[in-house]
Amino acid sequence: MALSNSVRDGVRDREIALEQEHLDRVYRRLEEKLDEAEFVLNDAAKRVQVGTPGALAERDAQVFRAGIHLNRLNSEFEDFLFGRVDLLAGQDAERGPDGALTSTEPAGDAVGPDGRAAVAETLHIGRLGVLDADYAPLVIDWRAPAAAPFYRATPKEPGRVVRRRVIRSRGRRVLGVEDDLLRPELRVTLDGEELSVVGDGALMAALGRARGHTMRDIVSSIQAEQDVVIRAPAGGVTEVTGGPGTGKTAVALHRAAYLLYQDRRRYAGGILVVSPTPLLVAYTEGVLPSLGEEGQVAIRAVGSLVDGLAADTYDEPAVARVKGSLRMVKVLRNAARGVLEGPAPGAGGGAEALRVVAFGRTLRLDAAELADVRRAALSGTAPVNLLRPRARRLLLDALWAKLGRERALTDPELARQERAAFDEDVTTEPEFLDFLAAWWPPLTPLAVLAALAQERRLARWARRVLSPGEVRLVARSLRRLTGGARAGAPGTLSVHDVALLDELRVLLGPPPVTTVRRIDPLDQLTGLDEVTTFADRHLGGRRDYREREAERTEYAHVIVDEAQDLTPMQWRMVGRRGTQATWTVVGDPAQSSWTDPQEAARARDEALRSRSRRRFTLTTNYRNPAEIADLARRVLALAAPGTPFPAAVRTTGAHPRFAAATEESLGGAVRAEVTRLLAEVDGTVGVVVAMDRREQAATWLDGLGERAVALGSLEAKGLEYDATVVVAPSGIAAESAAGMRVLYVALTRATQRLSVLSTPADDPDADGVPALLR
Ligand SMILES: Nc1ncnc2c1ncn2[C@@H]1O[C@H](COP(=O)(O)OP(=O)(O)OP(=O)(O)O)[C@@H](O)[C@H]1O
């Protein structure tokens, strides 16, 4: 029998009041805990002057724990408490560490023959576990095993759950509740009264909310298939695929929080989340703090993985295609060794011949002899910077041979002493030191990368690897670096350059740390300038090295978001950061902007090595309403034929809108459409254009406010907007060999409305529908 509105409202108000009571109890308990934590801190501070080292260490540990507690309790969670499950009696009465019954299946007699049952246990689920003074659970941490039924229970497999409730609260006030009945066939009582049910569809309520510029956590509405991924065991590699909007990014972030909860000690080694763009980093980085996790997780764009760099410019597709390819490994290997020939980076020349005075004789090595020495030094496999001491030794050998003393010295001990004196003599000569600094300077990755800008040299290093056309493209793209590199600054690095720099970092090794030479006062009179220059150079190198040592380059767990977009070179870079790690890799091949998926798959396998793989597929699209999904599916059929499209979970009744404009009127048309959409939706409007229209598109939106943003096709990765305007789709599709997949990404960003604006190049029909989408 349908309930009247007033009865329904009465039930709702009563249930809200009940949840409010519980929330009040939770906050009272939190305040007690806060007082305790403050007491511990004050107490520890009082004991600061006294005590043995052991007591002081214990005090530090206490302060540390209390500090963490305080921080977390002080954070203003929007909805600290968000869920509740009412459960039947379990098969046994065992309780876990959080105080909840551990049994997942109901007892045989939990349901009477007449379909009557009683709730035996009620659990509230929140962002943090809270026990009352008697250690009974007031709130279960969402990541605890006892919370799993809240996410996993379905009408088909309800386990012990009879009712699942999502509680909406802000600060200390409960605003609403939404219930799901998992066993509607039963007549269930709670404290002697029939179980009431309020509202319908917590998930729909969550999905219908307007989007802002930052992602929200989904902790109150994680779906069963997502929960399985979040809680999958940590070992090996967890691979997750799924179409647009299936929650891959959300799941990946919640998994990071889950892993930390599960094994905080292990993940003290850090969790790295690799994201394709700085925009997606900015969009997602609030999620973990909202789950109570900060500090241990680094979310980094793939262009910011090398510390101190933050590249966000893109090479044109033809250049990116070469720079991202594994062929660059060979080129960089050649460059790392070959760069010492010819004008060495960072050195002012003067390394064509060596002339030193030792033992009263002037000794010379000419260009050919020096080339032989260099070749011999480079025959080792060690990183180039680490070969420098060997090169220095070989130079001394060559000079010693010139002196011709070897044969004259028959007594080995005398020979050894004289050789040592010779070495000392030569290596304190400013000429020798300056020569060495110019002939074999400590190499930095940036300097070597900048050397690739010289087409002739690059052609030599890329012989039989890159075509002349490719050499030209790469050299030209790196020319913008050369000014910056000379000044010691990174210049304008592209996202793809960063992976090359990381490769070079390994090929070159750290610049050598030399002991600063003790300076003879006489030397100071004669060669002060040179000595200072030399020391400066080396100290500079040392500083770099120390900085690099300080950065974290290895993580305990690596999460790769939008994994389909990593180029092979980027896989190598990411792989180096998790050689001992466990991994979670999420992505959707149909959205890949990389042109050679097979090569990327090879590099990915190499990065993940032989670790065991656990594979999951997410199947429901929570972002796009069916009307938008239908259009996107048409492009998917062109972009990645045969790929299943995830089922959209909502409909809005609003179909995509189409309009056509000329190139001249395009800006005005986009502006008008955005204005209209801003009035139709509460949240954000994103305008997606081909990469080369980005700057132009920003001007179209001038003065429309912060809710409207323009972005290039590659920047749209992973983001979402309430409404999206996709501009000139055929231009996006033609950007690269992967253009159709990039267009597919653009068409799947909207949560409410999608408009497509065509230019004549899109060949629109009379309704403005471009040829590609008909
Ligand atoms: N269980 C859920 N409850 C509420 N919202 C959800 C749920 N799952 C996903 N969403 C929402 O759906 C949207 C898409 O999620 P997300 O960005 O994680 O998907 P994705 O698979 O990474 O998408 P894409 O591949 O297109 O980048 C987000 O707004 C997310 O908050």
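Every residue gets a Cβ built from N, Cα and C, even glycine.
Where the annotation comes from TrEMBL, it is an automatic prediction and has not been curated.
Range 94-113 is the one annotated as region 'Disordered', of 94-113, 534-553 (source: TrEMBL). Classification of THR249 (ATP binding site) by DSSP places it within a helix. Averaged over the domain 'UvrD-like helicase ATP-binding' (221-625), the predicted model reaches a pLDDT of 85.
For THR249 (ATP binding site), applying a Cβ distance below 8 Å and a minimum sequence separation of six or more within one chain yields MET215, LEU280, THR284, ASP561, GLU562, VAL586, GLY718.
Checking the binding-site residues GLY243, GLY247, LYS248 against ligand 1, the ones with a C-beta less than 6 Å from an atom of that molecule are GLY247, LYS248. Under the three-state DSSP scheme, GLY242 (ATP binding site) falls in the strand class. Cβ packing within 10 Å was compared across the binding-site residues GLY242, GLY243, GLY245, and the lowest neighbour count falls to GLY242.
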